[in-house]
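S.K.: Sharing the feature lines straight out of TrEMBL:
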- Cys22-Cys49: disulfide bond (DISULFID)
- Cys273-Cys285: disulfide bond (DISULFID)
- Cys280-Cys298: disulfide bond (DISULFID)
- Cys292-Cys307: disulfide bond (DISULFID)
- 22-136: domain 'CUB' (DOMAIN)
- 153-268: domain 'CUB' (DOMAIN)
- 326-346: transmembrane segment (TRANSMEM)
Amino acid sequence: MYSYIKGSKKQTTSEGQKPVQCGTWTKYAEGGIFTSPNYPNKYPPDRECIYIIEAAPRQCIELHFDEKYSIEPSWECKFDHIEVRDGPFGFSPIIGRFCGQQNPPMIKSSGRFLWIKFFADGELESIGFSARYNFTPDPDFKDLGVLKPLPVCEFEMGGPEGIVESVQIVKEGKASETEAVDCKWFIRAPPRSKIYLRFLDYEMQNSNECKKNFVAVYDGSSSVEDLKAKFCSTVANDVMLRTGLGVIRMWADEGSRSSRFQMLFTSFQEPPCEANTFFCHSNMCINNTLVCNGLQNCVYPWDENHCKEKRKANLLDQLTNTSGTIIGVTSCIVIILIVISVIVQIKQPRKKFVQRKTDFDQTVFQEVFEPPHYELCTLRGSGPTADLADVADDFENYHKLRRSSSKCIHDHHCGSQVSSIKGSRSNLSTRDTSVLTEIQPQPVKPLIQPMNRRNILVMKHSYSQDAADACEIDEIEEVPTTSHRLARHDKAVQRFCLIGSLSKHESEYNTTRV
């Protein structure tokens, strides 16, 4: 429990009652009493006093103001006033600002600290205040009971640099891993030096619960009024101290012993730098032995910028057990994934490819790949010369015959299709088979080239063996030759001669006009 006046010498009242410039402060085991300057007389003008009260772990603070109370009244207490905050800092959550003749109500902290400020301007002084406080159990820990006595846990460190870490508590036997701890590290810099603190590792098991765990930094002493910073959330910032004495404090209850931190402290001097120092470009002069040591001792890494070769040599030394474990696990996962992918590729069914034979008979695909063939043959008639229009009609009718189904064509040649006697002269497939059988085959006379003979174009078409098989023709030589007598202009003229021949792979039909 401390009080001080801003800008004046601070005083701690460890026992008894001692007058100070900010009034009196009496301390007891269960609480204490403090007053404004000159109380119960009028307080002096232009005065600002800060009172910071700290309770033991798992305790809260109750603050009461005595009835004899008077502070200059003003709108929203902008002039003389008392300000109370719930915590150890001037930026802690505000509880209230009080002035006038009416006593403030009873105030209770939510944790171990209360921050109180008394301010007086240069006009209209009054008698001030007298306040008493006492410690009460924290209701958040009522189920845990009374806290056991804490072990003594203090460390002394110094030099141009050093590392403060929480593992020292167990390594040096200050406390066991299950005990609550309230440890302090006292760091003493060389003469005319100050201290720069930079966190290398920081994690609170119960983050944002300052009652259970925190790391605090003090500048000049371990007194609460010298509290510089306090960290209990997920982030911790670097701290620049104004003095050569720094105190690091760690509080962790039984359920927060997994909380940890690691901090690098560096002693530095302000410029101008001496011969054996290195200028950090941030108003810091550090010892030359700290340059290229693998650790950033300056606020900015000027001391490590030109040390690439040395940094590569010390890379393995900087690997911690955690980093090695992470690298090993990651490598194993990558290897397992590669092995699984290889096995999947091996087990995956392959597509089978059948090699095409090169010695296939191209005549089988003649219908598909080769266009119809056309030949020249003679056209003979018993009358005068044929008309060119008749040739064109015959040519068109042949195309109609070719587009008809192969089944009908073959049935016609095999004699299975029955049609009427009267039919078109161009549609041979519709002839009546009975009429064809009545016509007696005429003896074939030797062909004599007449004077009026002329050459015309007769189509030769290829058919597949499957169509020939449908007619059930066994031998080529047994296919009969059929002649039809066609009537045109009331004259019996022999018009077409159909000769069918089949082979193993194709059937060819030659149509001859005579």
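Backbone N, Cα and C atoms are what each Cβ position is placed from, and that goes for glycine too.
Provide an account of the burial state, proximal residues and distances for the features listed.
M.R.: A sphere of 10 angstroms centred on the C-beta of Cys49 (disulfide bond) encloses 23 other C-beta atoms.
Around Cys298 (disulfide bond), the same-chain residues six or more apart in sequence whose CB sits under 8 Å from its CB are Thr266, Cys280, His281, Ser282, Met284, Ile286, listed in sequence order.
A sphere of 10 angstroms centred on the C-beta of Cys307 (disulfide bond) encloses 16 other C-beta atoms.
Each residue in the domain 'CUB' (22-136) has a pLDDT score, and their mean in this model is 91.
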S.K.: By DSSP, what is the split of the domain 'CUB' (153-268) into helix, strand and coil residues?
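M.R.: The breakdown for the domain 'CUB' (153-268) reads 10 helix, 59 strand, 47 coil.
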S.K.: Count, for each of the disulfide-bonded residues Cys22, Cys273, Cys280, Cys285, Cys292, the other C-beta atoms lying within 10 angstroms of its own C-beta, and report the residue with the smallest count.
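M.R.: Comparing Cβ neighbour counts within 10 Å for the disulfide-bonded residues Cys22, Cys273, Cys280, Cys285, Cys292 gives Cys273.
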S.K.: Work out, from DSSP, the number of helix, strand and coil residues along the domain 'CUB' (22-136).
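M.R.: Helix (H, G, I), strand (E, B), coil: 3 helix, 56 strand, 56 coil.
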